[in-house]
Amino acid sequence: MTEKQGVILVNLGTPSEATPSGVRAFLQEFLMDKRVVGIPHLLWWPLLNGIVLPLRCKRVAHAYQQIWLAEGSPLLVYSQAQQKALQTLLGGQVIVELAMTYGQPSLQDAWRRLKAQGVTQILLLPLYPQYSSTTTASVADAWQRVMANEHHVPSYTLLGQHYQFPAYIKALADSVRREGFAANWDDLLLFSFHGIPEQYAERGDPYPQQCKETAEAVARELGLSASQWQLSFQSRFGKQKWVEPYTDTLLRQLPAQGKKRLYVVCPAFSVDCLETLEEIAEEGKETFLQAGGEFFHYIPALNADPGYMQALASLIRHWLSRVQC
Ligand SMILES: C=CC1=C(C)c2cc3[nH]c(cc4nc(cc5[nH]c(cc1n2)c(C)c5CCC(=O)O)C(CCC(=O)O)=C4C)c(C)c3C=C
Ligand SMILES: [Fe+2]
Ligand SMILES: [Fe+2]
């Protein structure tokens with residue numbers, strides 16, 4: 001029997017509409033994942049539903065409204081663009097599907113479509129360049145839940161991370177150059193990554209280390225000296241300590257240190273979303289300018305950038321060449 005291959009690009013998920021009820025449905029599923037919030041369910045469920053969601057949903061829905069596109073949530077729209085671009089690049093070699101860990105399009109439906117076309121070998125490609133137990137491992141968990149109902153489980157591979165591939169680093173560096181960062185002596189490049197609770201890192205989550213290696217590799221590719229770039233972590237949630245330095249704190253401090261011209265790139269995000277378009281490009285810019293900054297430029301996520309799509313297509317072809325022999 002000849003084997004047929006399929007790729008599932010997996011991103012986090014996003015509300016289906018920019019309303020408090022749309023946000024509630026999304027956050028309810030996302031924040032009940034033990035990989036994301038590690039508090040025992042018996043304690044966390046009443047806290048989440050009684051306090052966190054009622055306080056958060058209206059404000060977050062308003063934030064989504066600021067960035068919403070005519071076609072829907074940016075995270076979904078740009079992930080769909082990546083899926084189409086990759087399918088075009090790979091032609092008939094492999095079928096490319098898109099799924100979300102939480103919400104729609106579901107992993108279950110993506111698998112159903114591939115199975116209906118006779119696919120027997122799967123590459124799960126999380127749209128997270130760096131591995132984290134809070135994101136990549138949740139993709140593995142969600143896949144296990146889908147597979148739990150299968151009598152004939154296909155062969156599958158999970159691509160844990162792709163930050164270390166030279167073509168990805170080059171695509172990132174090219175995007176920084178294209179957006180006008182010219183390594184002038186007074187311009188600073190800030191790599192702002194989504195954060196994780198510090199405790200997760202202490203337990204062995206390699207994410208902060210992989211973020212550091214990503215930033216170092218891009219800085220090297222751009223020929224930057226140590227004073228021309230910094231790294232920070234954004235998007236904290238809850239009261240516990242998260243990995244440092246914090247992006248919002250740094251944005252307030254940099255102007256007083258003489259760093260008044262800033263370019264910000266967010267390499268943890270394969271596509272633009274709430275955390276880049278609202279938290280950084282809007283709120284972050286305001287924070288920096290109010291603190292005395294003079295120039296702030298957000299460098300968009302790679303989205304369906306041709307160099308990035310070529311990088312992912314070669315990773316997929318590499319997988320194909322291994323499973324087809
Ligand atoms: C404990 C909470 C959270 C952890 C841990 C976390 C890790 C994490 N998240 C991403 C990527 C994304 N997060 C996004 C939104 C988002 N994240 C959290 C919380 C945690 N994330 C919340 C509560 C939200 C929703 C917005 C809000 O209520 O503030 C998104 C954007 C989704 C969108 O619809 O645009 C992405 C993408 C990574 C990469 C990561 C760990 C490495
Ligand atoms: Fe997040
Ligand atoms: Fe945020």
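For all residues, glycine too, the Cβ spot is worked out from N, Cα and C.
Note: TrEMBL annotation is automatic and uncurated.
Feature annotations, reproduced from TrEMBL:
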BINDING   HIS194, GLU275  Fe(2+) binding site
All-chain count of other Cβ atoms within 10 Å of GLU275 (Fe(2+) binding site):
19
Under DSSP, is HIS194 (Fe(2+) binding site) helix, strand or coil?
strand
